[in-house]
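Take a look at the structure below.
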Amino acid sequence: MGSIALFLLVALIKVVLVIFVLLTAVAYTVWLERKVVGRMQNRWGPTRVGPFGLLQPLADGLKFILKEDLLPPHVNKPLYILAPMLAVAMALLSISIVPFGGTLTIGHITTPLQITGIMGANGQPVDINIGLLIILGVTSIGVYGIALAGWSSNSKYSLLGSLRASAQMVSYEVSLGLSLVGVLLLSGSFSLREIVRLQQGGFWNWNIFGGFQFIAFFIYLTSAYAETNRIPFDLPEAETELVAGYHTEYSSMKFAMFFMAEYANMVTVACIASILFLGGWSGPVPGFLPPILQSLVPVFWFCLRIFAFLFIYIWVRGTLPRFRYDQLMAFSWKFLLPLSIANIMVTALFVALK
């Protein structure tokens with residue numbers, strides 16, 4: 001097999017594998033959320049389908065597939081169909097930039113654990129050197145899917161929900177982007193692999209500790225909640241005011257695709273937080289494990305951090321009430337934005353004096 005054909009085959013396998021793992025993670029994040037929130041509310045959560053309700057995501061998926069796919073007569077049909085596809089496509093595209101570990105060797109083939117990564121001439125994995133910028137750009141395009149869903153539905157509830165979502169996501173994107181500037185100043189690179197490499201050697205080298213970026217981490221985490229429209233920032237789908245927000249006119253798999261995009265974005269922001277602030281796939285203590293496990297353990301550490309972030313998402317949902325809309329916007333522009341600018345100034349001073 002030629003080198004180009006082999007490269008394309010490996011790339012195709014990685015694409016299929018990452019999409020499968022991501023969609024499985026999305027399905028079981030929903031299951032975990034229902035279980036944890038159920039326990040918080042003194043309920044059992046899913047228990048009927050399979051042991052401990054583990055097959056509930058399969059039953060939910062089957063239900064969405066078999067439901068009638070209604071197309072209301074008053075909608076703008078091309079944009080109405082395009083909107084959920086755009087939301088899911090941007091969520092899947094952003095995860096393709098994220099590296100999940102170092103390299104994987106099978107026989108004589110060595111490949112980076114990343115869809116867009118390749119092996120360099122020096123035998124080291126090479127990724128896109130502006131990967132972080134691309135992820136921020138791609139995720140910001142997702143707002144178009146929500147805006148199109150509200151406008152094309154020709155419903156006042158959908159339109160109000162999409163307007164809220166667009167304003168909220170644009171507002172919090174500013175503070176989210178600025179919260180990452182401190183990490184970029186410390187690392188001097190947009191490459192996600194380079195940022196992880198600079199944090200290796202122990203947890204004391206992680207940016208949240210060694211670079212004093214705990215304020216930036218708080219800003220990022222808070223803005224990520226708003227970006228993914230999660231409680232307490234779920235104003236676009238406030239049921240008591242807007243029925244179901246921009247989802248109102250959707251049914252069947254089109255309805256499910258918006259939730260798939262939301263949970264996929266949750267996984268993406270958890271990956272980025274792990275890479276930028278918590279050392280990515282590097283272990284907390286170097287040399288902690290025997291060499292035979294070193295190739296597989298980085299993926300374990302990375303997945304463990306992602307699980308911790310997703311659990312915090314769920315915990316916040318079961319704990320905090322929803323903001324009022326004016327409180328939500330004021331919190332972004334009057335608190336998070338000045339705080340993120342102050343963090344940039346302090347980090348720049350720290351880098352200059354170091």
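Backbone N, Cα and C atoms are what each Cβ position is placed from, and that goes for glycine too.
Given the structure is predicted, the values throughout are model-derived calculations rather than measurements.
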Range annotated as transmembrane segment - as stated in Swiss-Prot, picked from 248-268, 269-289: 269-289
Positions on the same chain near the transmembrane segment (269-289), where near means CB under 8 A and six or more residues out: 95, 98-102, 132, 135, 180, 183, 192, 195-196, 199-203, 205-208, 213, 216-217, 220-221, 224, 227-228, 297-299, 301-302, 305-306, 309-310, 313
